[in-house]
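Structure record follows, encoded as structure tokens.
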Amino acid sequence: MRQLLPGDTAWRNIRLATMDPQQQTPYGLVDNLALIVREGLICDIVPKTQIPVSGDNIHDMQGRLVTPGLIDCHTHLVFAGSRAGEWEQRLNGVSYQYISAQGGGINATVSATRACAEDTLYLLAHERMMRLINEGVTLLEIKSGYGLELATEEKMLRVAAKLAAENAIDISSTLLAAHATPVEYHGDPDGYIALVCETIIPQLWKKRLFEAVDLFCESVGFSVAHSERVLQTAKALGIPVKGHVEQLSLLGGAQLVSRYQGLSADHIEYLDEAGVAAMRDGGTVGVLLPGAFYFLGETQRPPVELLRRYQVPVAVASDFNPGTSPFCSLHLAMNMACVQFGLTPEEAWAGVTRHAARALGRQATHGQLRAGFRADFVVWDAEQPVEIVYEPGRNPLYQRVYQGQIT
């Protein structure tokens, strides 16, 4: 019988989906186990017979399924305003160009976010974050990008920091100042990129308000040349990078980000084989965002077979944002990734655990249930992991554990 030390906590009689690729079973499934937590970390995983049936700090889960805490590695959940009205306009035949000319589109979100008080912005983001927490998310990425000026980009990142400080969740903050050209720089993307590179990135990095720099390399975003200047600026400061690339066209953004050893290349619907090879060589994770694909009515699917062939890790994320993916549900994103992009349920699970952790640079501590990893996990009223993917409208979450504490 295993002797627990003072302060240890054990979850026994569990079916563990470790998501450890070294396990030879689907999902890394092992039955009849006990998981021992010490000081917020997984101390050991042992047969359930080594742990007493009951006692202080012993939780008998009666054979329930346990998985790593979910990781949503791409969100834009700090914003103000709603774009529901313009979505209805588009469905009624009004062009996006007309809506944008009337102050709609991303500019509407930028205006609303700039005008929103920081406390109000926090409350809006907190409600959205709680929806993900209630699905079992324990690590969440949040991007800025609706400020497009120093003050509001900083305000958004402060909100993300406060969410992390005051709630039982890890947050990885990303600076996305190179999201779009703001109206005050209309026709002058060079001037705006200069502001991003010479002012916004270095000043906010000094305050350590973010962990990585992101950009939108696209025909309706920034050119390859502009994107490379952002990447050069970040790399000169030792900041990890990532990119929204190949969403609407093939510009070579994935190759560019991979040359800078980017953490991830996100969207990638128009990714070609050269881009896939570059991602493999750069150690860059491909992040699939099926919510945006669905909401925009796109038809070009990411090259999943190529990604498999080149053994590029594939993550899945909600991309929650007001303009192109108003779906604050990682369960739904997993289902969409299977139905629309052809992932297997096991690949979808890897995409919201170990591969999502890698996309955030957290692969040594998050995304798997192994000794030494963070004790962030979810207990489900389910027998198989596929159930969570199969029926996204039903949430069988039984217990969420963050740093070894039931939340």
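A Cβ is built for glycine as well, from the same backbone N, Cα and C atoms used for every other residue.
Among the features that Swiss-Prot reports, Zn(2+) binding site is placed at His74, His76, His244, Asp319, with the record citing sequence analysis. Residues near Asp319 (Zn(2+) binding site) in space but far in sequence (CB under 8 A, at least 6 apart, same chain), listed by position: His74, Thr75, His76, Asp266, Leu289, Gly291, Ala292, Ser325, Phe327, Ala333.
Here Swiss-Prot flags His74, His76, His244, Asp319 as Fe(3+) binding site, drawing on sequence analysis.
The 4-imidazolone-5-propanoate binding site annotation in Swiss-Prot covers Arg83, Tyr146, His179, Gln247, Thr324. In sequence order, Ile106, Lys143, Gly145, Tyr146, Leu148, Asp214, Leu215, Phe216, Gly221 are the residues of the chain that are 6 or more apart from His179 (4-imidazolone-5-propanoate binding site) and have a CB within less than 8 Å of its CB.
When Cβ atoms from all protein chains are considered, those within 10 Å of Gly323 (N-formimidoyl-L-glutamate binding site) total 19, not counting its own. As annotated by Swiss-Prot, N-formimidoyl-L-glutamate binding site applies to Tyr146, Asn321, Gly323.
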Distance between Gly323 (N-formimidoyl-L-glutamate binding site) and Gln247 (4-imidazolone-5-propanoate binding site) at the Cα atoms, whole Å? 14
At a 10 A cut-off on CB-CB distances, which of the binding-site residues Arg83, His244 has the highest count? His244
So Gln247 (4-imidazolone-5-propanoate binding site), by the Cβ count within 10 Å over all chains shown, scores 27
Residues that sit under 8 angstroms from Asn321 (N-formimidoyl-L-glutamate binding site) by C-beta distance, when 6+ apart in the chain: Thr75, His76, Leu77, Phe79, Ala292
Integer Cα-Cα distance in angstrom, His244 (Zn(2+) binding site) to Thr324 (4-imidazolone-5-propanoate binding site): 13
Proximal but sequence-remote residues of the same chain as Thr324 (4-imidazolone-5-propanoate binding site) (Cβ under 8 Å, at least 6 apart): Gly291, Ala292, Phe295, Leu296
CB neighbours within 10 A of His76 (Zn(2+) binding site), counting all protein chains shown, number 25
